[in-house]
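The carbohydrate binding site annotation in Swiss-Prot covers Ser92, Asp127, Tyr160, Pro161, Asn162, His187, Gly257, Asp258, Leu259. Taken from Swiss-Prot, the feature Ca(2+) binding site covers Asp158, Tyr160, Asn162, Asp190, and the record attributes it to sequence analysis. Marked as disulfide bond by Swiss-Prot on the basis of sequence analysis: Cys199-Cys236. Among the features that Swiss-Prot reports, N-linked glycosylation site is placed at Asn180. Residues or ranges marked as signal peptide by Swiss-Prot on the basis of sequence analysis: 1-43. Per Swiss-Prot, topological domain 'Lumenal' is recorded for 44-312. Here Swiss-Prot flags 336-347 as topological domain 'Cytoplasmic', drawing on sequence analysis. As annotated by Swiss-Prot, transmembrane segment applies to 313-335, with the evidence given as sequence analysis.
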Amino acid sequence: MAAASRPSWWQRWRRRAWARDGAKLLLFLLLLGSGPGPRHVRAGQAVEYLKREHSLSKPYQGVGTSSSSLWNLMGNAMVMTQYIRLTPDMQSKQGALWNRVPCFLKDWELQVHFKIHGQGKKNLHGDGLAIWYTKDRMQPGPVFGNMDKFVGLGVFVDTYPNEEKQHERVFPYISAMVNNGSLSYDHERDGRPTELGGCTAIVRNIRYDTFLVIRYVKRHLTIMMDIDGKHEWRDCIEMPGVRLPRGYYFGTSSITGDLSDNHDVISLKLFELTGVRTPEEEKLHRDVFLPSVDNLKLPEMTVPPTPLSGLALFLIVFFSLVFSVFAIVIGIILYNKWQDQSRKRFY
């Protein structure tokens, strides 16, 4: 059997070139398939779709200037090339960014890329920013630049401790609150009486990108963060039984007082999560019309007793006097009988 002829250098070079080109083509196809289309989340349990009508990223075309933009600016918020600045590092400023389109998704995930930085030293900066999913939009107020007694969900990145008992928690601090419109945010206690939970998050003046994710699936609220450059989500808040109506608006806001910071939003990306509900769960989880949390009693939710009317007060006093007189008469009768029996014993 004749020996096989060895390939020439040209044939060997062509084979190596084809191998390189094939690897490049495979890499190109993989990159092409990693765009904003659907992708599986958490071991294939759900598929998420980017919803552009509720998302915002660079270059922020038309934001704050075009009537056709999906986002509105409020207050001192400004559009820059690399971010949207809610407030500059100046005293007594407030700004907000609100989506114009109400969200009717059942299960969703909001990823927020933000940055908080400034010249202030330790405990001489503030106040932080908030991320909202609420019934009302574009309503300036004292709660991180938004209205008090809001209806919906608020997630707060609080950078300044107002309460004196600072040793109980380390700031900056992330917390969440669900409100039905009847609760006030307690600034003096950093929102502690009404918070669902929280965690420390060192997000100010750090060199890493800071991300926050709010995930709402089957009435289960999860808040996670990626703030240390490891590209891994860390749990912050986990709360089942959260009931949020559909048709509310996403937004973010910030406020400064005597202390200040730059509060920047780089991107907001909302994903619809599908494939997470069974047909039975679809029937069970009907729409709700007022935000609430199952089995959670908040101090401010207790209804104060209604004051008594004049007639009710009169009746209470009248019957109390009648009962007192009746008790005294009965007592006198019993006492007289006891005295009579005592005399009979002696005679």
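Note: Cβ is positioned from N, Cα and C throughout, glycine not excepted.
Ranking the recorded positions Cys199, Cys236, Leu259 by the number of CB atoms within 10 A of their own CB puts Cys236 at the top. Cys199 (disulfide bond) sits 22 Å from Leu259 (carbohydrate binding site), taking the Cα positions as reference. You'll find the Cα of Asp158 (Ca(2+) binding site) roughly 13 Å from the Cα of Leu259 (carbohydrate binding site).
If you take the Cα of Leu259 (carbohydrate binding site) and the Cα of Asp190 (Ca(2+) binding site), they are about 16 angstrom apart, rounded to a whole number. Per-residue confidence over the topological domain 'Cytoplasmic' (336-347) averages 64 (mean pLDDT, predicted model). In terms of Cα distance, the recorded positions that sit within 10 Å of Tyr160 (carbohydrate binding site) are Asp190, chosen from Asn180, Asp190, Cys236.
It is 30 Å from the Cα atom of Cys236 (disulfide bond) to that of Ser92 (carbohydrate binding site). Residues Gly126, Asp127, Gly128, Thr159, Pro161, Glu163, Phe171, Tyr173, His187, Gly191 surround the recorded Ca(2+) site, their Cβ atoms falling within 8 Å of the Cβ centroid of Asp158, Tyr160, Asn162, Asp190, which are themselves excluded. In this structure, Leu259 (carbohydrate binding site) belongs to neither helix nor strand by DSSP; it is coil.
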